[in-house]
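Participant: So Swiss-Prot has the following annotated:
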type	residues	note
TRANSMEM	30-50	transmembrane segment
TRANSMEM	238-258	transmembrane segment
TRANSMEM	286-306	transmembrane segment
TRANSMEM	321-341	transmembrane segment
TRANSMEM	352-372	transmembrane segment
TRANSMEM	378-398	transmembrane segment
TRANSMEM	419-439	transmembrane segment
DOMAIN	525-756	domain 'ABC transporter'
BINDING	Gly559, Pro560, Asn561, Gly562, Ala563, Gly564, Lys565, Thr566	ATP binding site
Amino acid sequence: MKYNANTSNQFRAMFFKNATFLKRQKCSLGVQIAIPMALVIVLVILKLWIESQIENNSGPVGDSSGDDIMGSYISYKFDYMQGWFYTINPNNITNIGYKDGYGNGTGLLGGINQYEIYWNGSDLWVPYTVAVESGQKMNDMVLAQKQQLGQSSMGPLTFPIAGIQFNEFNPQNNLIDLTITCEQQIRYAYNNFENNLIYVLSQIQTSFINYLLNGNGVVVKTQISTLPYIYKSQQFDIASLLGGSFFPFALSFVLPLFMYSIVYEKQEKLRDLSLMMGLKMRNYWIMTFIFNFLTYVVIVSVISLICSAAKVSLFVKGSPFALFLLLFLWGLSMVSFAFFLSTFFKRTRAASIFGYFFVMVMVNLNSTLSLFNTSVPVFYYWVPILAFSRGISTLCGLCGNGLCPPLSQYTWDFELSRILFWLFIDTIVYLTLAVYLDKVLPREFGVPSHPLFFIKDLKELFSKKGKYRKLRDGDGINEKTKLINEYTIDGINNDDDDDGLMDEDVKKERDMIVKGEYNPEEMTLIVQGLRKQFPGRPKPALSNLYLSVKKGEVLGYLGPNGAGKTTSISILTGLYTPTSGTAHIAGLDIRYDMDKIHQVIGVVMQFDVLWEDLTCEETILYYTRLKGTPKSIEFESTHNILKEVNLLDVKDRFVKELSGGMKRRLSFAIAMTGESSIIFLDEPTTGLSIETRKDLWGTINELKKNRSIILTTHSMQEADILSDRIAIVSQGKLQCIGTQTHLKQKFGDGYSVRIDIQEDYQNTHNPTDLIKSFSPSATLSETFNGSYVYRLPKDSIISDLYEYLVLNKEQYHLQEWSLSQTSLEDVFLKISANDDTVN
């Protein structure tokens with residue numbers, strides 16, 4: 001039963017796999033949640049603490065509801081004030097006078113209202129006056145006092161209350177003109193008043209009136225208060241003001257983690273295996289995008305709830321829709337930008353280090369530029385994290401000062417509107433670049449596409465594909481002539497290879513396929529003139545390959561490295577497209593039906609490609625869902641597959657806890673998902689112990705009962721034991737094909753006989769004459785300590801040789817002998833002797 005792997009099935013498979021895998025990544029998940037939460041919690045704590053300090057240190061205020069109107073009374077009382085005034089008389093005006101610390105005085109200043117204090121062991125009348133020559137002299141004296149005080153934490157307060165410069169004094173005209181110099185630094189002011197000016201004016205007014213009234217004891221006292229007011233809470237919000245630095249970090253730290261997840265699947269070849277098993281590349285990008293964005297949404301939602309509960313202005317004032325757009329578009333552009341950056345990395349470590357470094361540098365760069373509050377060039381908006389950081393910082397600054405912009409303010413002239421636009425553009429541009437660069441940049445596994453691949457795809461879409469589709473009669477191979485027609489349509493010349501140089505069996509295989517001389521119902525795989533030419537390489541990686549595999553057959557597909565094995569399998573599994581030619585798998589054409597073909601093939605890669613933090617059951621469930629197994633039977637199908645490879649008892653065990661043999665069987669189980677018709681085994685037992693290897697051989701023999709298998713291996717023993725037929729490729733061409741016995745007889749050098757002489761006769765007897773008398777063309781190939789090895793031609797009759805040795809055993813003192821045919825390894829080495837990659 002074949003299943004339909006539609007988009008919804010693949011979305012479901014990827015979502016559950018990603019969610020389960022992320023849940024198991026406790027460290028990664030902790031970082032994703034802890035860093036943003038920690039930053040926001042610190043921000044909220046700072047907000048609450050600073051607000052409490054402001055509350056505790058504020059003066060009388062009105063009702064916060066704003067319904068009551070009241071007056072606030074603030075009185076400056078000058079009792080027990082001690083200090084002095086500097087007086088400056090640059091015009092030598094008469095009758096200015098003075099007032100000393102003993103209560104004596106003359107002229108205008110003699111009318112200052114004093115009081116007595118006890119100071120340094122004696123009585124002192126204050127305030128008193130000290131005359132100085134000029135304002136500059138006064139300033140020098142004050143600065144010297146401040147410098148001296150700055151070097152000592154304690155000491156007597158010797159600062160003047162103020163400096164008074166008399167510009168004009170004319171009692172006859174009731175005129176006085178003066179300049180008052182007051183202390184403005186809180187550090188040097190007295191603790192019982194805030195404004196020296198009020199006190200100085202009171203004293204001057206008292207002196208002036210007493211002077212005019214001839215000293216009648218007038219005292220002027222001044223009090224100040226505010227007008228009535230309606231109370232409003234402070235307009236600034238410290239959390240929003242500080243949020244300009246906190247929020248960009250909190251909402252950007254997931255970017256490196258998104259990069260990590262994509263690079264990890266490339267590095268471990270997990271994505272490649274998923275593609276071979278039927279995952280559509282567009283579905284991979286879409287689902288990865290959605291999953292990463294949902295992860296971001298969860299983090300943003302939690303942050304928003306915390307900040308809303310703490311009444312951070314950014315989240316409770318202004319336009320909720322505008323804030324939603326900013327956060328929403330940042331999420332989209334961040335995921336796209338993470339995709340874009342991930343295309344340049346092959347290792348997770350490098351991607352993570354760069355990601356975190358990039359985030360910190362960009363956020364700090366924006367914070368530095370924001371201090372100058374200058375406009376930025378357009379290219380600034382092409383980096384999403386800079387655009388978002390500037391947008392959120394600007395919004396935080398406005399809301400922090402009680403100026404949250406309403407939605408009506410978001411016009412094109414408002415920078416935040418332009419930032420929203422650029423984040424949308426960044427999303428589209430970087431997502432497009434990510435998909436494009438992923439196809440064309442050099443990669444560790446596979447060959448990149450041509451930079452202009454999309455032109456070829458468009459050309460084929462409107463030309464060849466349409467023409468070909470009109471000639472097709474169905475999805476299966478139901479007529480022998482169908483292949484002949486397709487062979488002609490593609491323009492494949494069956495004389496591409498020189499018939500005189502082509503092996504007879506290879507030519508026979510080709511003619512059988514071209515002429516349709518086979519039963520389509522018995523065939524799982526038909527390869528027709530498959531060719532692959534990579535750009536920039538002088539020779540094709542694969543040249544005019546014809547091959548067939550029957551149902552239930554194991555084909556040993558052998559060849560040296562670089563011979564074309566991997567290229568041909570990559571084409572058959574959909575990783576590459578052929579330059580010319582085609583192939584049919586279960587009646588489906590690899591050029592046009594690859595989505596359906598992925599549902600009927602399984603792949604076991606050379607090394608185990610597994611998610612270490614998934615269980616056996618979760619691993620198989622992912623691929624079962626990927627291939628479209630109905631939801632109602634997906635668990636039943638998973639358990640049946642695990643049972644078939646003897647892993648059902650450990651279905652809940654994590655992959656990282658499995659032995660090497662168990663992991664290999666799990667890889668076989670992956671290939672069996674979705675009722676696979678054909679399985680590609682790439683070096684299935686590499687690196688395993690002999691016991692584990694033999695156990696897996698038994699598993700492979702069980703698998704082939706219902707499926708066809710293509711086996712690639714460098715173990716000739718493995719190929720000899722498991723294969724029904726052997727195909728050897730070299731220099732991109734099929735060199736020979738047939739059963740093991742047939743190939744050994746055809747390409748082997750005959751037989752090898754080993755004879756051991758009894759120990760007492762090793763120096764006196766030599767069996768060479770005996771072997772030569774049986775076969776004159778026999779040759780001695782090896783001798784050592786009474787042991788002789790001879791090569792016999794392949795037309796030798798083994799039964800006659802055995803009888804001949806028995807008859808002459810006593811005469812030649814033969815102790816024992818053994819016979820062996822030419823090995824498959826000998827055939828392989830002979831076939832590949834002229835391969836450039838070997839030599």
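Glycine is treated like the rest: Cβ placed from N, Cα and C.
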Participant: Please check if the transmembrane segment (378-398) comes into contact with the transmembrane segment (30-50), where contact means 3 or more CB pairs closer than 8 Å and the residues in each pair are separated by 6 or more positions.
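Facilitator: The transmembrane segment (30-50) and the transmembrane segment (378-398): touching, no.
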Participant: Can you count the other CB atoms that lie within 10 A of the CB of Pro560 (ATP binding site)?
Facilitator: 21
Participant: Taking 286-306, 321-341, 352-372 as candidates, which has the most Cβ pairs under 8 Å with the transmembrane segment (419-439)?
Facilitator: 321-341
Participant: Compile a sequence-ordered list of residues in the same chain as Thr566 (ATP binding site), six or more apart from it, whose Cβ lies below 8 A from its Cβ; state 'none' when nothing qualifies.
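Facilitator: Sequence-distant Cβ neighbours: Asp682, Thr712.
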Participant: On the 0 to 100 scale, where does the mean pLDDT of the domain 'ABC transporter' (525-756) fall?
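Facilitator: A mean pLDDT of 86 is what the predicted model shows over the domain 'ABC transporter' (525-756).
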Participant: Determine the Cβ neighbour count for Lys565 (ATP binding site): the number of other Cβ atoms within 10 Å of its Cβ.
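Facilitator: Other Cβ atoms within 10 Å of Lys565 (ATP binding site): 22.
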Participant: Checking distant contacts: for the transmembrane segment (321-341), what same-chain residues at least six beyond its ends satisfy Cβ-Cβ under 8 A?
Facilitator: 251-252, 254-256, 258-259, 262, 285, 288-289, 292-293, 296-297, 300, 304, 314-315, 351, 354-355, 358, 384-385, 387-388, 391-392, 395, 405, 407, 410, 416, 419-420, 423-424, 426-431, 433-435, 437
Participant: Just going by other Cβ atoms within 10 Å, which of the binding-site residues Gly559, Gly562, Gly564 has the emptiest spot?
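Facilitator: The binding-site residues Gly559, Gly562, Gly564 were compared, and Gly562 has the fewest Cβ atoms within 10 Å.
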Participant: Would you mind pulling the DSSP three-state label for Lys565 (ATP binding site)?
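Facilitator: Helix, per DSSP.
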Participant: Using a 10 Å cut-off, grab the number of neighbouring Cβ atoms around the Cβ of Ala563 (ATP binding site), all chains included.
Facilitator: 26
Participant: Within 10 Å of the Cβ of Asn561 (ATP binding site), how many other Cβ atoms can be counted across all chains shown?
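Facilitator: Result for Asn561 (ATP binding site): 10 other Cβ atoms within 10 Å.
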Participant: Check the DSSP secondary structure of Pro560 (ATP binding site), expressed as helix, strand or coil.
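Facilitator: The three-state answer is coil.
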